[in-house]
Amino acid sequence: MSSKLHCVKLNDGHFIPALGFGTYKPKEVPKSKSLEAAHLAIGVGYRHIDTASAYQVEEEIGQAIQSKIKAGVVKREDMFITTKLWCSCFRTEMVRPALEKSLKNLQLDYVDLFLIHYPVPIKSSVDESPLDEKGKFLLDTVDFCDTWEMLEKCKDAGLVKSIGVSNFNHKQLERLLNKPGLKYKPVCNQVECHLYLNQSKLLDYCKSKDIVLVAYGALGTQRYKEWVDQNSPVLLDDPILCDVAKKNKRSPALIALRYLFQRGVVPLAQSFKENEMRENLQVFEFQLSPEDMKTLDGLNKNF
């Protein structure tokens, strides 16, 4: 990263931009939308792009990055690119080939951050997520501590700058941190985190271990039908959040992002609309008062 402005220092000395652009897309959204969104995001100023092999959009993200580099909009070293190791590739001999496939898709020599996507090994098969007859994942017996050693080797080989985890609880983090012969600590833990699920305990634990908490679903997730009750309250419509937004003359989305930023969390904001992308970058232009922060703390429902 060439500019340290609005960046957070990781425990390995590298810097992560304090706001990222998320690239997960529901199946019904065409891949062309992901390409268009990544183009727009880099164009309006995002330098931290978060993706994963499981999102199946790495090729589109790679095309967007390369076209912006060719156009002289950015240099590779200005960008911070994260991708993730899917759960069916936890076996030690599969980690590096999985990363190399991601690098090929992204058209990159290295990624800035490589994460274990979930602390759950799934049996490897042609299908990325094989299911049993009851519709449950077919789990594998690999220990994620062994997988971690392979991530450390990928870092030593220069294929990744930093390594971390995603969707780990504090006990799983503890197991990794207490692993005999641990060479590198995870620099971050990327989890769902927003006003309705503010992760205060996990955040405190991560801070105590010098691990950055990165938030997906920072604006309240995309409310996927298979996982979220469609009658549950919509975060950005919350009346208390809207009052704080009105008082600060900002949108509810900006308040939701700023709340996370002021707690030392790195939020990932996702949108397919250019005006929203631009607006989300204003998160660094104002501050919430301690009273507002306390009010917003009160919105947590662990939901």
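Just so you know, glycine gets a Cβ as well, placed from its N, Cα and C.
Under the heading active site, proton donor, TrEMBL lists Tyr55. Among the features that TrEMBL reports, substrate binding site is placed at His117. Annotated domain 'NADP-dependent oxidoreductase' per TrEMBL: 19-300, in sequence order. The site 'Lowers pKa of active site Tyr' feature in TrEMBL is assigned to Lys84.
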Expressed in Å to no decimal places, the gap between the Cα atoms of Tyr55 (active site, proton donor) and His117 (substrate binding site) is 11
Ranking the recorded positions Lys84, His117 by other Cβ atoms within 10 Å, which is at the bottom? His117
Whole-number answer please: how many Å between the C-alpha atoms of Lys84 (site 'Lowers pKa of active site Tyr') and the residue listed as 'substrate binding site'? 5
Find the average pLDDT over the domain 'NADP-dependent oxidoreductase' (19-300) in the predicted model and report it. 95
At a 10 Å cut-off from the C-beta of Tyr55 (active site, proton donor), count the other C-beta atoms across all protein chains. 20
